[in-house]
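Colleague: What follows is a structure written as structure tokens; I'll ask about it next.
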Amino acid sequence: MFCDQDMYEIPADCQVLVDKTVIEFDGTTVLCRVCGDKASGFHYGVHSCEGCKGFFRRSIQQKIQYRPCTKNQQCSILRINRNRCQYCRLKKCIAVGMSRDAVRFGRVPKREKAKILAAMQSVNAKSQERAVLAELEDDTRVTAAIIRAHMDTCDFTRDKVAPMLQQARTHPSYTQCPPYLACPLNPRPVPLHGQQELVQDFSEALLPAIRGVVEFAKRLPGFQQLPQEDQVTLLKAGVFEVLLVRLAGMFDARTNAMLCLNGQLVRREALHTSVNARFLMDSMFDFAERVNSLALNDAELALFCAVVVLAPDRPGLRNAELVERVHRRLVNCLQAVVSKHHPENPNLQRDLLSKIPDLRTLNTLHSEKLLKYKMTEHTAAGAPWDDSRSSWSMEQESSVGSPSSSYTTDEAMRSPVSCSESICSGESASSGESLCGSEVSGYTELRPPFPLARRRHDHSEGASSGDEATESPLKCPFSKRKSDSPDDSGIESGTDRSDKLSSPSVCSSPRSSIDEKERGGPARTICRCCARLQRRPSSTRICSWRKPTTSPIKSSVRNVGKRSLTPHSPPPPRSWSRRCLSLHSTRALWLRHTPPWPPVWRRPLA
């Protein structure tokens, strides 16, 4: 028989186990009350996973009586070992409140979910706070851990920098800098040499220093117990500030230079030219001079760096109160160390903490300079595109504003259209029919008007002189395609609404008209509805079914009057020739299923 629920006693470590498993999550996931796995929902009165839900359901439905536990019924039910002891697992299910009478149908209310998440976040925050405060109980141990982390992760401590700086001062060759111009007139890049090579080497050597700052922050007492989002926020905001505090000993106010890691000095003027940030470098030199005037040792610098990293006023912190408590404890440790080493200067800690706003200002300047540098790189990468667009717009204005203006041969070669394309007369260019003018609104958006090009006539063409040139505008290839291509259906596309408004006829297409001089006959248009070539004037609303006799596009429409399944435009039914006007009113219905420029004329549904 199934054992009754009263025979199971509630273990005392139930709530402790729940608190322990909650710590492993970020406070936004509901956990199983039995094994600590991710809960799938509210089952049998408690939040449980699918495994524990199915286990409890099978146990109560089949009335299974499990073998008693051989370990004094004290098995720890976790996700990794929940299947080892079924007796203790069922006991745990009943202990946390699972019952067949507590089955609820429907979804869990949002208000209840919010309460559960709030409770879990509260438990998580309290657990983290207890863990952090446990590491910060002993000030002596905290101070020793911070100093050890600083000495292990910093390659330019005071003990290491002092002999290097003394050696650099005694060798004047290190401080010699070749002459250079502040504003050179030659825009070509100057090759790196001397001081500029030192700056580049110093920049490359900063990568290990940045990794050292990150490692130093991870080894701070209480930092690993903070939420991961807060750790990332503190590192992003404090890496440059800690690096600047550490590099303060590398700035030499006596020689007005900065010591590189290879033992050489870089003058401030060389830094101005190399990094192109005069104000930022001057501010960094001034800050380093003020910090060096305090004569701090490595222990005091280590504690000051820890205070800078764990700043509670960083934007985006989730648990700012906990960071505030850690910050206050570190400030107390700094006060104890400063008072021990500088008893004659009681205001040293206040002067040291007053440098934090200066660090924030330098950090902001550095971020702005870095953003500007990235934008400059992006602009330099896209400079050819911008130049081409500007030259293209100039050619467009010249072609539209003055069609008769002349271009040189080099300018014509730079044009997007080669001079070997077909040439149309200046009269057609001025009228705007051969160019992609305002009438063809769809082409105007795709490509601007083509400029005029200078074409030279060879001696074989009968030119009077080899230097003689004839100015003629380049013919737009789209006009040739619209009149000569058999793929054109004459149907209005989505970009030709302006054509419809400006057209004098409902059935005529101005974008498919052919110049009379170019064709050698009367002007003809293609019907937009049935793709027929008209011989009547463009104002006629009824299509003409007579086959054209003289037309350059005769080969394109040679199958218009035939019933054949060719890749050319198939003819519509004959009744459509009398329904052109009615089709115009319903064209919007079937134009939605027709691409703007169909490769083959598609017959609409009757």
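Counting begins at 1 with the first residue displayed.
Heads up, the Cβ atoms here are built off N, Cα and C, so glycines get one too.
Note that the structure is predicted; figures quoted are calculated from it, not measured.
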Colleague: In Swiss-Prot, which of 69-93, 119-143, 319-343 is labelled zinc finger?
Modeller: 69-93
Colleague: DSSP helix, strand and coil counts for the zinc finger (32-52)?
Modeller: 3 helix, 7 strand, 11 coil
Colleague: Just to be sure I understand, if DSSP states are collapsed into helix, strand and coil, how many residues of the zinc finger (69-93) fall in each?
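Modeller: The breakdown for the zinc finger (69-93) reads 8 helix, 0 strand, 17 coil.
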Colleague: Restricting to the DNA-binding region (29-105), what is the model's mean pLDDT?
Modeller: 87
